[in-house]
Amino acid sequence: MALAIYNTLSRQTEPFTPLVADHVSMYVCGPTVYSDAHIGHAMSAVVFDVVRRYLEWSGYTVRHVMNFTDVDDKIIRRANEQGRDPMELAESYTLAFLDQLGQLNVLPATAYPRVSTTIPQIIQFIEGLIAKDAAYHASNGDVYFRVRADEDYGKLSRRAVDDMRSGARIAPDEAKADPLDFALWKAAKPGEPAWESPWGQGRPGWHIECSAMSLHELAEQIDIHGGGNDLIFPHHENEIAQTESLTGKNFAQIWMHNGMLQLAGEKMSKSLGNLITIDQFLSEHSADIMRLLVLSGSYRAPLVYNEEVLADTERKLERIMSAFKPAHGTTTSGAVVDTLNTIVAKAPTDFRSAMDSDFNSAAALAVLFDLVRSINAARDAGVGGEPFAAAQTCLRELAAVLGLRLEANSAGKTDAAPFIELLIELRAELRKAKQWALSDLVRNRLSELDVQLEDGPSGTTWTTKG
């Protein structure tokens, strides 16, 4: 089975064939950096990180571009509230998010363009649209895109132009030729960042930014364009209109959209104020917990976040980690070993089959859990040596395609970690001194605190209960 991806544009799952053999170009809309990133941002980052990891595991070379919107009304408003320079504020949140992506084990993108460093390309893009009469310079100094000039406008969101009403970031204005027209360039206002242009001092509108950055960093046509499904309209709709009006070519082969993270039944967003920041999450949980939260369902579906779901996810990670306990036996042949070898040989094929079906990570995780059950059953039956090690290696390698680190303490990150490590060191010294009673006391007390120790050839590891 070849890779097939659900395309929001066609509303169908389509076979994926890149424009250039063995190479994939992928643009993912990044955050508008005006406040702390929340776990909804983490969800999108993890989804497209896994897409990239799987494509690379499948042999593709991926050029992955994720932008930062560092010029925007929200940034200016927040900077004015705090008495800060808008560009300085945006850069501080950009750097913080990049650090958080590292903590989440998200691979660095090939490029992280910022709006502020792409102004010449944005101006050139707008000039091209004006030359094609797809845009116009209005009396108020703004430049607008002519929505009705694009006969295909609305094809992504399946909206008819005549039925549209003003939406997010599309406001009526007397200077517009049509209320649906949207700003490509905004005339300068006092106290706002501004750049020189053929239309005077000003700054770009939101939608043109991604079109220009994608064209600059990738090409006129790309393989995959991704983002949250809240961006389908108007942002991605407008990106298509702008780019295809300029180039005359289909912009992206595949439009991928991840679902929204929901807290108490509502979409998590800065505007609603129901946020859990990435820093808050990672102060209590590991990056692997975040990944399993995201990967346990379809990337296109809403992700419900609550304590029950979180506890279930922690149990899932503990189950996976249980497969890395050392073998106690030495059996390397026989029926049990044959069964284990069969599962190990079959796992990569089953994993690929799952991921080829629109990145079905839930089915891919099921393959991992089958491996976990087989490994634990083999250990209980006394299997050890090379067959057992090979099974653990297979599990770790497939988990890595999903970006799971599976570190010894990833099942339960805690602020108590340094103290637990100290007690483990103390217990090791007691064992060396053959102080078995005191050694057992340390283990038992830690167990009472839901900290489980596992002794192995290379030392003692620990996890926390869910």
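Every residue number used here counts from 1 along the chain in the order it is shown.
Note: Cβ is positioned from N, Cα and C throughout, glycine not excepted.
Your range for motif ''KMSKS' region', going by TrEMBL and the list 12-16, 267-271, 327-331, 462-466, is 267-271. Cross-referencing 31-41, 64-74, 108-118, 438-448 with TrEMBL places the feature motif ''HIGH' region' at 31-41. Residues CYS29, CYS210, HIS235, GLU239 make up the record's Zn(2+) site, and a Cβ search at 8 Å around their centroid adds TRP206, HIS207, GLU209, SER211, HIS225, GLY227, LEU231, HIS236, ASN238 from the same chain. Secondary structure at CYS210 (Zn(2+) binding site), taken from DSSP and collapsed to helix, strand or coil, is helix.
Around CYS29 (Zn(2+) binding site), taking its Cβ as the centre, 23 other Cβ atoms fall within 10 Å, counting all chains. In this structure, CYS29 (Zn(2+) binding site) belongs to neither helix nor strand by DSSP; it is coil.
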